[in-house]
Structures are given as structure tokens and as C-alpha cells.
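In what follows, a single structure is set out as C-alpha cells and then discussed.
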Amino acid sequence: MIALTIGLAVFVGISLGLLGGGGSILTVPLLAYVAGMDAKQAIATSLLVVGVTSAIGAISHARAGRVQWRTGLIFGGAGMAGAYAGGVLARFIPGTVLLIGFAVMMIATAIAMLRGRKNAETSDGGHRLPMPKIVAEGLVVGLVTGLVGAGGGFLVVPALALLGGLPMPIAVGTSLIVIAMKSFAGLAGYLSSVQINWTLALAVTAAAVVGALLGARLTAKVDPDVLRKVFGWFVLTMSSVVLGQEIHPGVGIAAAALTAVAAAMTFVCTRYAHCPLRRLTRQIGAAAA
């Protein structure tokens, strides 16, 4: 199982490299259900993997000038405080509850990936974001990261892009700084109550880093929109597995069935003009108006 864990960690890293985020959402299920770690150990180890991988990814963005340091450090500092608090609070929360919360995060991540990023008009990278909003957003996102072990990139990037209109490339590069900072802070909070298998943790981290570097090289050869959508459906399916494991198999089956129906309807709507989902959306919009 160790070889399988490391092999899948490379896949997680490739996803991170290709998508610029999102792949870390698979790290906790990988460690919990393949490597056999308990919930809190899996979350703590995931924070290490996400932190190191994000830090290495941030280096290339910084060299290319795609990091706004003031925003990243303020957001990251607030996120570190929230993540450390989340890591400490997690000791009082049952592991099953944490994994259910993680499944909810997976669903939110999948929806965000399937919707895609709006290419709204943005300001230049020198725009100064309002500090109170940066701090508040950083605290909330950091708390979530510390509790469930997800990097929160799908929360950080929109926050950076929407709060102050950072260009998307700069928002992505800056988010990696934030994710690395709060992941390490969350890990510090967990280390006071969780023992980590450092040999396995470092092996998984190294595999994820290798995968991330490979993914970065493949970026130009793969349509990122197609990959993002496929990955979003995969994450949504994996959330069904987690819910089935932690609540009841029936819940997982129901969630998987809903995912299958949604995927089928989405496929129909992309192929045919007469889409019932599109018609229903228009009717709801007209009724609301």
C-alpha cells in the first residue's frame, strides 16, 4: 500500500502542477483510505504535503513577478493565525466529524472547479487591497485549512481576485504564498496532539513535488478547462466515497447517484440545444424577475 500511496501522490502533484491548485483536496482521502492513517494524522500530514508543494510552486511564480508580496504576507499572516487555531481546535473534534467537514469542502471545491474562474476585468498587480478585508478573509480561510487540512486555494484565489481585483495570474501566484504559510501554521497546531509518520510523510511530499514539477511541464500540452472539469467531477465522486465511509453507505450511494445524474445532464447540455436543465434555469430566472 505504501507504493500505491506514493504513486497516487505523484498524481496529486501532477494535478496541482496542471491546475495551479485543487489537487491537494485528494491528499486527505489518499492518506486516510489508502495509507491507512487515522483522520487527524491524515489531515496533519496533508498540511505538510500541501505546504511544501505550494512553497515550491510559489518560487517559480515569484521569479516571474506574479506575486504581490504585501497582500500575500498580510493575508498569509492572518491565515496562519486562523490555521493554527483550527489545528489546535481539531483536537476537541472527533475525526469522523472532521472528515465529514472535509467531504463538504470537497463538494465546494468541485463546484468551484466546474463553474470555472470568471475572467472579470481586473486592476493591475499594484492595487492595494483593503487591509480589514484581507485580515478577515485570511482568518476565516485559515481556520478552515487548520480544521480539515485543505489548502483552500479555491477560496484564496477568488478572494484575492474579487476583493481587490488582482489579475488572475498574480492572484494564483500570491495564493501559493498564502497556502504555504497557513498550511505550515495548521501543521504546527496539529503537532501538539498528533504523531506523524515522518518517513511516509516525507516520501509522499517528495512524490507530490515531483508530480507538481511534471504537471507544470504538461500545462502547455493539456487544455486546462477540460482538465479542470474532469478533475472537478472526480473530486465530487470522491466526496461520495468519504460520505459513505464516514456516515453510512446509503449516503455515499445517494451522493454518487446525484453526481451521476448531474454529470449526465451537464453532458447533454453541452451536446444538444434542447437541454431541460437550461430551460429550467431560464424559467427559474424569469419567475425570480
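Placed from the backbone N, Cα and C atoms, the Cβ positions cover glycine too.
Any TrEMBL annotation is an automated prediction that lacks curation.
Lifted from TrEMBL, the feature list:
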| type | residues | note |
| --- | --- | --- |
| TRANSMEM | 6-35 | transmembrane segment |
| TRANSMEM | 42-60 | transmembrane segment |
| TRANSMEM | 72-90 | transmembrane segment |
| TRANSMEM | 97-114 | transmembrane segment |
| TRANSMEM | 134-163 | transmembrane segment |
| TRANSMEM | 170-192 | transmembrane segment |
| TRANSMEM | 198-218 | transmembrane segment |
| TRANSMEM | 253-273 | transmembrane segment |
Who are the chain neighbours of the transmembrane segment (198-218) in space, where the CB to CB distance is under 8 Å and they lie at least 6 residues beyond its ends?
2, 5-7, 9-19, 27, 30-31, 35, 45, 48-49, 52-53, 56-57, 60
Rank 42-60, 97-114, 170-192 by Cβ pairs under 8 Å to the transmembrane segment (72-90) and hand me the top one.
170-192
When you look at the transmembrane segment (170-192) alongside the transmembrane segment (42-60), do they share 3+ Cβ pairs under 8 Å, ignoring any pair fewer than 6 residues apart in sequence?
yes
Taking a Cβ cut-off under 8 Å, which residues six or more beyond the ends of the transmembrane segment (253-273) line up next to it in the same chain?
114, 233, 236-237, 239-241, 243-244
